[in-house]
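Database features (TrEMBL):
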BINDING   22, 78, 117, 435  (6S)-5-formyl-5,6,7,8-tetrahydrofolate binding site
BINDING   223-228, 242-248, 267-270, 325-328, 342-344  GTP binding site
BINDING   227, 248  Mg(2+) binding site
DOMAIN    213-361  domain 'TrmE-type G'
């Protein structure tokens, strides 16, 4: 099958300092010569005048990366031109007329995977690095791009292959009286693998949160000032504020960078006995969000102290931060009881943000150890564990060996070692054009 030569704008679209076009495929070098009259030395930035159809397009730099020593493993060319829309449009049109095809989302990385330049975990790390909005997300993506997760998974797969080889050897050595020793060796390896995988799967749930955002729910009685507090923390008008109780009917979310941590802050309906169906549904959603949240910010009306809303009080647990809002309208209370703030004046906001950051850091600190970072990884590990749970050396050897084969196949899907064709469209659809 003929491999198409593809192109894409690899830099941000629109007006900018530089527009970077990437080409990949067998015709890349010839296209560069057609446009510039030059064949630059590999990996050497060369100044070129880009022309097509007898008209100058722009003056810029060209880089040539011969196969297989390129990102995709194919012939790759990059053109760095001025970042105006007219320049980008003219070069795109020229490339189309020369027979190149616009790249699909993630197609460069997909080709790199197919040419053994990247495994799937590193490809996903590139997408995560492009999407990273906070320091914690950037650190996690870089850690995965460095290959730690790939090495962990490949280590698991090699251990499973060794266990499979020992299992199949039991038949060969059954007459020599050492089969029982082999069985114990295999069982020991399988148990150790299962313990390690379970631990990594638990850690993976926390790492997935770093990708998607750590969920913090704001809960409390009507008119405790939850929406005002959310707006104050967000620094903008996210939620409607009204003196009328029950204004917030649905869960309202906003994404924040909390000193490097990705946070999804959710304002919820006031907790009380609802008078009508719509408000009752809003309260039900608030309670559901409280169950799924990583942290709960429980807001009390400080102007009503020492009285506290009983329903909110009952929700206090180790994942809660107690906040007394409207501190500008109340007498001070014991600081151990909660954080005094005023959404109206900003009083106490720094203390609240510091507490939020501390709680998030304690729960989601990224260690140097490699970790699963996606639901796809965790699903593969769970499938592997299910196969290992079925493994029993007392079974006929062929059946026991098949359990280990299925376990190795499941874990190999994380890096793309085996049977991943159906996954590729899903994985690379998350990428931007040009990656």
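A Cβ is built for glycine as well, from the same backbone N, Cα and C atoms used for every other residue.
Sequence features annotated in TrEMBL and their locations in the structure.
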{"residue": "22", "record": "(6S)-5-formyl-5,6,7,8-tetrahydrofolate binding site", "DSSP (3 states)": "strand"}
{"residue": "78", "record": "(6S)-5-formyl-5,6,7,8-tetrahydrofolate binding site", "DSSP (3 states)": "strand"}
{"residue": "117", "record": "(6S)-5-formyl-5,6,7,8-tetrahydrofolate binding site", "DSSP (3 states)": "coil"}
{"residue": "223", "record": "GTP binding site", "DSSP (3 states)": "coil"}
{"residue": "269", "record": "GTP binding site", "DSSP (3 states)": "coil"}
{"residue": "326", "record": "GTP binding site", "DSSP (3 states)": "coil"}
{"residue": "342", "record": "GTP binding site", "DSSP (3 states)": "coil"}
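Here the binding-site residues are 22, 117, 226, 326, and the one whose Cβ sees the fewest other Cβ atoms within 10 Å is 117. The candidate set comprises the binding-site residues 223, 227, 342. Of these, 227 has the most other Cβ atoms within 10 Å. When the binding-site residues 78, 269 are compared by the number of other C-beta atoms lying within 10 angstroms of their own C-beta, 78 comes out lowest. Confidence for the domain 'TrmE-type G' (213-361), expressed as mean pLDDT, is 85. If you take the Cα of residue 223 (GTP binding site) and the Cα of residue 117 ((6S)-5-formyl-5,6,7,8-tetrahydrofolate binding site), they are about 57 angstrom apart, rounded to a whole number.
Residue 22 ((6S)-5-formyl-5,6,7,8-tetrahydrofolate binding site) sits 46 Å from residue 227 (Mg(2+) binding site), taking the Cα positions as reference. Across the domain 'TrmE-type G' (213-361), DSSP classifies residues as 51 helix, 36 strand, 62 coil. The two recorded residues, residue 269 (GTP binding site) and residue 117 ((6S)-5-formyl-5,6,7,8-tetrahydrofolate binding site), have Cα atoms 50 Å apart.
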